[in-house]
Every structure is written in C-alpha cells, then in structure tokens.
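Note sheet for the following structure.
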Amino acid sequence: MHSIQKKYYSSFIALTLLLFALIFINISSGSLTIPFKEIWNALFSTTTTNENYQYIITNYRLPKSFTSILTGIGLGISGLLMQTYFRNPLAGPFVLGISSGASLGVALLIMGGSFLGILPYINGLSIPIASSLGAFLVLSIVMITARNIRNTMSILIIGLMFGSFTSAIISILSYFSSASELQQYIFWSFGSLSNLQWNQIYLLGFVITISCISLFTIIKPLDALLLGENYAKSLGISLKKTQTVVFIITSLLTGSITAFVGPIAFIGLAIPHITKLVFKTSNHKTLLPAVAIIGAIVMLVCDTLSHISLGNKNLPINAITSLFGAPVVIWLLVSRSKKTT
Amino acid sequence: MSNTVLNLENIAIGYQSSKKEHIICRNIYFNLYQGELVCLLGRNGSGKSTLLKTIANMLPTLQGSITINQIDYSNLSALDFAKNISIVLTESLPENSLTVFETIALGRQPYTNWLGKITEEDEQIVLNAMELTDTVSLKNNFVNQLSDGQLQRVMIARALAQDTPIILLDEPTSHLDIHHKINIFKILRKISKETQKTILISTHEINLALKNSDRLLLIDNHTFSIGNVQESKIQDKLTSIFNSDDIKYDAKSNQFIF
C-alpha cells in the first residue's frame, strides 16, 4: 500500500507549489495591481517599501486569500464526505439542508426583520448568527427525521425536500418584502469572500482545523464504505457512529463557511470529482488532503477571476463558481452515461 | 469430525418489522466444523439468504442462540464478528476507483491500526489470498473494470484476507457462465482444504454442490436437514425438494438429470 501512496508525492508537491504561486497572483490582482516584489516584502521582510501596499495587503488582500483557501478546503472536504457517505456522485455539502437553512435564517433576518422588529439590530455579526441558527435548525430537523431511516438514499431525498420547503418560504418572504430588503438578501446570496475581519478568519480557521483533525477517526470507515454498507458492517464498522461523525464534521465545515461567506455553489460538488480525475484513487488517506489542496486552489482561481474580469467592478463569487462548476457537472453526467451505454 | 466452529441451537429465522415477527423457519440446529465446505440448498424464497444473514449477524436471531467457537453471539462486539465471519454478497459494489489490491487489503481492516496502515504482514496475507484465488495478475486493475468472474474471485480473496474461521457466500456463482461456476467451486474447495476455514455457500447449482461439498444443508417448507449426500435421509429430502417432471435425482451418479 505504501508504494501506491508514494506515487502521489510528486502530485502533492506540484499542487503545493501551484497553491503558493496562486496566493501571490491572488494578492497581486485587484483594482490596484501590486507587484510580486512588494508582496514578498510585505509578507516576509520587516523593511516596508510602501506603506499603502502594506496596508492593502494585510487588511484586504491577505484576509481574502485566507478566506478563499479555508472555503475551498472546507467545502471540498464536505463534498467528498457526502459523496462517499451517500455513495452518490451528485451529493454535495448542502444535501443535509445546511444551505437552505442558512438562507432561511438570513432571509428571515433581512426580509422578515421589519415584521419581527429586529431591524435595528442588523449588523455585520447578525448575518453570520442568523445563518448559523437557520442552518443548525434545518439540519437538526433533517437529522431527527432521518434518525430511524436506514436507507441512506431516503436521507438524501429528505434533505432535498427540506431544501425545496425552505426555498418556498423564502419566496413568500421575498414576495412581501421591499426592494431594498430584497436587494440586501440577494447580495448575501451572491456570496462574498472579502467581508471577513482577521478575528473572524481565526474563528473559521479554528473550526476547520478541528474538523480536519477529527477526519482521522473516520478514514477507515470511509474506505470501508467504498464497498457498500453491508461489507463495511462486516468489517466491524459502526454505521451509526460513522454517520454521526460525518454529519457533524460536514455541518461544522459547511455551516461555518456559509455563515461567514454565504452559500457558495458547486464547489463542494465539483472539487471531489476534479480531485478524483487527477488522483485516480478512492483511498481517503490520499483523497482527503488532495481535495483540501485542490479546493483551496480552485477557490483562489475563482476569487482571482472575480477580481480581474471586469476591471474595478467585481463579479459575485457565486456566479464565478457556478460558471465554472456547472460545466464540470454536466460533463460528468455526459461522460458517465457514455460509460454505461 | 474435527472442532466445532459454529453451533446453532434451536434457531428461528425470519424478518422482524416494527410490530410483528415473520418467521420463515424454526427449530434449526446444527454444527459446522473446521475445514468443511457446506452447501445450502433450497428453492427460491425458502430462507437461504435469511439463514445466511442471520449467521452473519446482519439479521437478528428471533429465537435460540448461536455460538462461534463456544462464544455466544450476544457476547461478541462488531469487531469480534469481523474477526470471525467474512462474507461474499450478491450485491454489486458502488462506483469507486479502488484497485484489486486495495479492495482485498480492505479485508485487513479489523486488524490494522486507526489509520488503516497495511503492514508487511498484512501485505503478505493479501498476497496469499490473491494466490489462492488466482487474482495476482489483476493486482493493479480497477475493480469496476473487472468481469463478473474476476470480480467474484476478488471478493472471495477479500473475504480470505479478513482471515476468519468462517466464510459465508451468498450465491457466489450467479451471473457466471458454466466455466466460471466450476472455477469458483474449485477455488472454494481448495481454500477449505488448504486453510482449514469453514465455508458455507448458499447456491442454486445443485450438481456442483453435490460434487463439491462435504455436507449439504437443505431448507424447505419451514423444515431443514443437514448431512452427507450418501445418507438416505438427505437423498430423500433432495428428491422431495427438487424432483418434478422436468428434473430427477439420480442416486447412482449422484446428480440431478434434466
């Protein structure tokens, strides 16, 4: 087995180098292009040549790069967990109702705020809180409903049903809300990687680190699940325990990311597939770090694209990820159906 | 006979839904011994799979008790089961990119550390399993690209790598042509002789079962019997289960003629 693992070392080294190169490109690009030398100085040397560059980098560009990397890692890993657990290539981090719950929370806050009389309290922190609460609420309902269901496909469908249910409520809310409220909600749903302060990034980074450490406890069950539930059980795997750990990690990762940067579409679904094309393995000891690093790379590319595409007007990050993710998913479906016929 | 590995004492098998039990067969009692190959025969719906699943602890025992090497099932953890019983199922594998080696190595999971590291000893056991099942040449192939016959041999190798005293197989030769059917039975025969593992196979291949098994386990109409094919009670039972206008048991050549 170690010989099989070894052949991926060079891929990992190449991807890490690519990641660092992309961090520089990402920091450099924007309405004001910063030369690489200035970035190097700002990050690694004590002698600052340009105060303005230094300020932009530490307060705007670097937080944005870190947010992109954390988002890519978290959503990529959640996507892989869901696809392995449900043994369904079309499962993603949002199948448990996390995204719809978060959207419901934010929609209630922004569009229902005037009814509920909480309008004056809307600020930078209330949106992450509302989104976390919404995600947690819908996730709990899905998990309670799914508790006694042994068929994983049914859990998948229940998650999707709750998704449509919450989007119906959001439609009703939007119908009765004012234009400015609607606009504020739409802007949240576009997603944004550039709104985070350093202390929020530390919090996000902490949650993602904890989740990644807990992944070590489920590497074996995940590999066993590649043979199906019955074989996994015959290998001594506790399906109930695995399900609990997988769901908790996924909701921590996806929930915290959605709370801070909004519902980022497609990344969680597409990254595991791209990774499996590069690495051609199902072994989670290889796939999990690979998904993390490729997720980070793709998010950095998407963020960079959103900044250079229209000069000083930034495209919403969700538009970029979908523009990028949708063709991947379509291509996957086409190539899959070709294989079976 | 040598050591008793598995002992079923007055077992009832069937399904349990939320309110009522549906019992297919009751009062089942028999022993399985080390190194023997037993074929489980019966018509469709007679309870073959149910019995196999009950022994594999995938279904609860509705009555009675089962012991494995004198230890009762209720005292065994999930990991103990994994170290005592391995299975080969009829279900197809989910889509994955596992190689043959990786698939067979997953059989080592009950013994590997928390990260699933395959040691040299594990690797040797996997290689032995591959040799016994004639899958060495497939080592680096992807399991999703194998033919049905190759895949079945790989799944048998995976069960072997799990290194359990008992291997259960649920209709291992369905979907296979006659050459591969004979080949699978030959491999299973060789495994039981060389490794002294107890092998229980549920199958519809009556003639292959008659030729290759040490004993037959017959299940029909809520009753069961177990014994050697030379015994007249087994021959009578075989006749009563399978004989019809189209198919007849011929005791002299020990096969069904149709």
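Cβ from N, Cα, C; glycine included.
Residues annotated as transmembrane segment in TrEMBL: A:12-34, A:65-82, A:94-119, A:125-146, A:153-176, A:196-219, A:245-274, A:286-305, A:317-334.
Touching of the transmembrane segment (A:12-34) and the transmembrane segment (A:286-305) is concluded from the presence of at least three CB pairs under 8 A, sequence neighbours closer than 6 excluded.
For the transmembrane segment (A:125-146), the most Cβ-contacting stretch among A:153-176, A:245-274, A:286-305 is A:245-274 (pairs under 8 Å). Long-range contacts of the transmembrane segment (A:245-274) within the same chain: residues 67, 70-72, 74-83, 85, 89-94, 96, 98-99, 102-103, 127-129, 131-132, 135-136, 139, 143, 188-193, 195-196, 200, 203-204, 207-208, 210-211, 214-215, 217-218, 222, 287, 291, 294-295, 298-299, 302, 317-318, 321-322, 324-326, 328-329, 332, each at least 6 residues beyond the stretch ends and with a Cβ under 8 Å from a Cβ of the stretch.
With a threshold of 8 Å between CB atoms, the same-chain residues lying at least 6 positions outside the transmembrane segment (A:286-305) that come near it are 5, 8, 11-12, 15-16, 18-19, 22-23, 25-26, 29, 64-65, 68-69, 71-77, 79-80, 193, 212, 215, 219, 267, 270-272, 274-276, 278-279, 315, 317, 320-321, 324. Remote same-chain residues near the transmembrane segment (A:65-82) are listed as 19, 23, 26-27, 91-93, 95-96, 193-194, 196, 201, 204-205, 208, 211-212, 215, 222, 246, 249-250, 253-254, 256-257, 260-261, 264, 267-272, 275, 284, 287-288, 291-300, 302-303 (criterion: CB distance under 8 Å, separation of at least six residues from the stretch ends). Distant neighbours of the transmembrane segment (A:317-334): 89-90, 189-193, 261-267, 269-270, 273-274, 298, 302-303, 305-306, 309; these residues of the same chain sit at least 6 beyond its ends, with a Cβ under 8 Å from one of its Cβ atoms.
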